[in-house]
């Protein structure tokens, strides 16, 4: 909890009141209309996976940590890291996708847009190849002194570690 001295600073009180007003406004429609729907759009440069589909929940990996998104989620904009995106449909089924990177926008109207640099369903990936690529990248990292090359190899390692984790 903030000390009282901080709350008396000019401008800070307005910020706190604004946040409370938003939270109250966001909670009011949910109570009045029952469960909200979430409109989900998920695409990569080569494929559209969902276009305005009503889904129950989406789990995403971001640079600040993985989190789940439900209807009426707090608006946010996040950068995706390599990992597993899980989409929970209204009927209880789940779809799993591996994304390399991208962004996700969660809007106040319960619409969500996930734009991935690369995205594939898990059945299109090979665990053996991912493990081999991971081992190769780890071996290359040991003998590399150039910082730019080390950074590129580290990205390959991170992506392949996420692939292996998603497939195991």
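Backbone N, Cα and C define each Cβ position, glycine as well.
Positions annotated as transit peptide by Swiss-Prot, on the basis of experimental evidence: 1-22.
Around residue 136 (N6-succinyllysine), no same-chain residue six or more apart in sequence has its CB under 8 Å from its CB. Positions annotated as N6-succinyllysine by Swiss-Prot, on the basis of similarity to another entry: 136 (among others).
Residues annotated as N6-acetyllysine in Swiss-Prot: 136 (among others). In the three-state DSSP classification, residue 136 (N6-succinyllysine) falls within a helix.
In the three-state DSSP classification, residue 165 (N6-succinyllysine) falls within a helix. The annotation N6-succinyllysine is assigned in Swiss-Prot to 165 (among others) on the grounds of similarity to another entry.
The N6-acetyllysine annotation in Swiss-Prot covers 165 (among others), and the record cites similarity to another entry as its basis.
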